Amino acid sequence: MKILFTAVAVALVAATAFAAQSIPPNLRETALATFKPLPFTPAVTNNPITPEKIALGKALFFDPRLSSSGVFSCNSCHNLATGGDDNRETSIGHGWQKGQRNAPTVFNSVFNKSQFWDGRAEDLKAQAKGPIQAGVEMANTPHRVVETFKSMPQYVEWFHSAFPEEADPITLENVANALADYEGTLVTPAPFDAFLNGDDTAIGPEEKQGLALFIEKGCSSCHSGVNLGGEGYYPFGLVEKPTADVLPENDKGRFAVTNVPEDSYVFRVPSLRNVAITAPYFHSGKVWDLREAVAIMGTTQLGQELTQIEIDRIVAYLHSLTGKRPEITYPILPTETPTTPRPRS
Ligand code: HEM
Ligand code: HEM
């Protein structure tokens, strides 16, 4: 009986608290000052989009022969059937090596102002050349990549129709161009976009209260714009340093890019689109629970102990950023020929 009473009392307190936070009448206008809904067609800078390039980029994204072992494709670590990531703390790559950082989702990455946790690549095209050559990821060389795709007549045809103005289109540069164009199609409109676009019923009262809190508490001072992040750089631990397991000492973030001491432990603010389906969290991938990640942000970035109810509402709002993922048909890839370089271990 006592247990029942306590449960009812807790429920009542929660219900009262739920009702107590009113939803600001001009919530959409306030939100539109900070966020933007997804545009209909994403822009990949300096890289005109064509259907042929997108189709080639899709094949390349799924092709494990882009890696020297023939085992890893982009999709191995950015699985489009899950959240565009690999659901691991840090990725496994060439020779079963463990990388240092958590793999971010590729969904909506076209809207990030720079790529990688430390922003070291200026756009998707510059980014794509990284993993292909990274020793712990695909461990390939530009020469071998070119040799591989030149050895398969179907790829030769696809590269020519994607880059009709070029006499010798099979280059690492064009692999990156096509991959970037394909990634530009990986956008996921979410209920929050429908809300920003004028549909009041797209998100419920708890999500709206969470959105109001997200703005009032100051989360949106860093997680803003079309991707709710992906733009600025901030120290992880602006107010209070996270624990050493969440912020390992050996990864100094942006310092490795700029060599400026103030950039130690500075990271690019990640996008929060689809964050509910891309655990684990942070560049270290050490936090598996979104509620815990939000609480950590409260203490480390805002110097605030968020209440359980506040965390619940913010998390409810973050769920409204889970978008509709594109239907993807697995591509049928060209077959190797006797001249295709053999996989390396
Ligand atoms: C980062 C795409 C292959 C693991 C990224 C990002 C993109 C991307 C767009 C940046 C996202 C952001 O900053 O929000 C690709 C493409 C690939 C590929 C197109 C194929 C050419 C791989 C593979 C692995 C991997 C095979 C795992 C072995 C990672 C990791 C990061 C990352 C760990 C974060 C690294 C850091 O910030 O330092 N990838 N990726 N990727 N990817 Fe990939
Ligand atoms: C990371 C939410 C406030 C900067 C994250 C992540 C979440 C989140 C869920 C993990 C994303 C992922 O791993 O994919 C929030 C919420 C906030 C808040 C709910 C308010 C309570 C802020 C503020 C700043 C900021 C005010 C800037 C001062 C960052 C940075 C990271 C991050 C730099 C990456 C940390 C790393 O892994 O190195 N945020 N955030 N956040 N946020 Fe926030």
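Glycine residues also receive a Cβ, built from the backbone N, Cα and C atoms like all the rest.
TrEMBL annotations:
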| type | residues | note |
| --- | --- | --- |
| BINDING | C74, C77, H78, H94 | heme c 1 binding site |
| BINDING | C219, C222, H223, M297 | heme c 2 binding site |
| DOMAIN | 52-183 | domain 'Cytochrome c' |
| DOMAIN | 205-322 | domain 'Cytochrome c' |
| SIGNAL | 1-19 | signal peptide |
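With respect to H223 (heme c 2 binding site), the closest of these binding-site residues in Cα terms is C77, chosen from C74, C77, H94. Binding-site extent for heme c 2: residues C219, C222, H223, M297, maximum pairwise Cα distance 11 Å (rounded to the nearest whole number). When the binding-site residues H78, H94, H223 are compared by the number of other C-beta atoms lying within 10 angstroms of their own C-beta, H94 comes out lowest. Remark: C222 (heme c 2 binding site) has G229, G232, Y234, V269, Q301 as non-local neighbours, by Cβ distance under 8 Å and separation of at least 6 in sequence. Averaged over the domain 'Cytochrome c' (205-322), the predicted model has a pLDDT of 98. Apart from the site residues C219, C222, H223, M297, the chain places the Cβ of F214, G218, S220, S221, G229, V269, L272, Q301 no farther than 8 Å from the centroid of the site's Cβ atoms, the recorded heme c 2 location. Once Cβ contacts within 10 Å are tallied over all protein chains shown, the binding-site residues C74, C77 are led by C74.
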